[in-house]
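Database features (Swiss-Prot):
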TRANSMEM  8-28  transmembrane segment
TRANSMEM  38-58  transmembrane segment
TRANSMEM  166-186  transmembrane segment
TRANSMEM  203-223  transmembrane segment
TRANSMEM  224-244  transmembrane segment
TRANSMEM  256-276  transmembrane segment
TRANSMEM  295-315  transmembrane segment
TRANSMEM  318-338  transmembrane segment
Amino acid sequence: MKYTKQNFMMSVLGIIIYVTDLIVDIWVSVRFFHEGQYVFSALALSFMLFGTLVAQCFSYSWFKADLKKAGQESQHCFLLLHCLQGGVFTRYWFALKRGYHAAFKYDSNTSNFVEEQIDLHKEVIDRVTDLSMLRLFETYLEGCPQLILQLYILLEHGQANFSQYAAIMVSCCAISWSTVDYQVALRKSLPDKKLLNGLCPKITYLFYKLFTLLSWMLSVVLLLFLNVKIALFLLLFLWLLGIIWAFKNNTQFCTCISMEFLYRIVVGFILIFTFFNIKGQNTKCPMSCYYIVRVLGTLGILTVFWVCPLNIFNPDYFIPISITIVLTLLLGILFLIVYYGSFHPNRSAETKCDEIDGKPVLRECRMRYFLME
């Protein structure tokens, strides 16, 4: 596996989106505060801090594990950086610095790679993979609740300022980018997975995730208008089910028990919004059950609003929103079927080995125990 110039540009774009997302979240929170909407300001800030703090915890835990594996002592400067919310930026610095060296200093077309050059590419791929996992954590922990909040405010007031539109756009971009970036990193870091070559598989996977996610978020927003307590109870119930599912599957992502417990809590939260294979096994049945429940839940929420219409927001919005929910859900399921029917990373057939090479050894990395697609 080689870290290419295209991969480097994706990493650069990734940090640009990451920084933009943080700036817009802070901007929206401050704007709400100045307008006297203290609850919305606190919620926006809390979502941002929640996602960032969890990402910093995992980042520092991985730094410690990597140093221990290398036989080095844990450095206090790394702890200080993560306490100051600089862990992800530190990782981006190391990844971009080494990635530039790997992508531009060595000619990827030459077959005359020495062992040192191969190790450099492996190191960069591992660093970028760690970043993609952290971004996936932060996106779903912060971006999804933030997007629901902004959609709720938009429908409640019937209009929004530029900062709110910016927050919605950036949240969608962050979710889209982290999802595709995660897919690319997954395939690149695990040699037994087929590479995600071409634009079509990436777009198909992106639309599958984005459409099913948007449909569910709009449904949750409608439920919030119906009854906030019922909506929160449903989300907490789904979170609890996700945590139980993670414990039932006995995930083994972290070496530390406390971090593994946190990981399962985070997995449960992510499962509220979208499905991931949390154990790397055949999940045809669980995925089918997940999206059947998703369809039934969405139709149930829409039925309640159609049978008992509530004058809680501009009724002119309800018909377009209902159509959007149904269409995005159908399109999401359609792209899901196309993706798993044509582009799913089934384990490639075992290659024949000659007497010199022997049987290839699967490379050990964190991604192998992380969320699969």
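The backbone N, Cα and C atoms fix where each Cβ goes, and this holds for glycine too.
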Discussion item. Quick check for me: are there 3+ Cβ pairs below 8 Å between the transmembrane segment (318-338) and the transmembrane segment (38-58), leaving out pairs under 6 residues apart?
Written reply: no
Worksheet item: Do the transmembrane segment (203-223) and the transmembrane segment (38-58) come together with 3 or more C-beta pairs under 8 Å, pairs six or more apart in sequence?
Response: no
Response to the item:
Per the Cβ filter (under 8 Å) with a sequence gap of at least 6 from its ends, the transmembrane segment (38-58) is approached by 22, 25-26, 28-30, 32, 82-83, 85, 87-88, 133-135, 137-143, 145-146, 149, 153, 167, 259, 262-263, 266
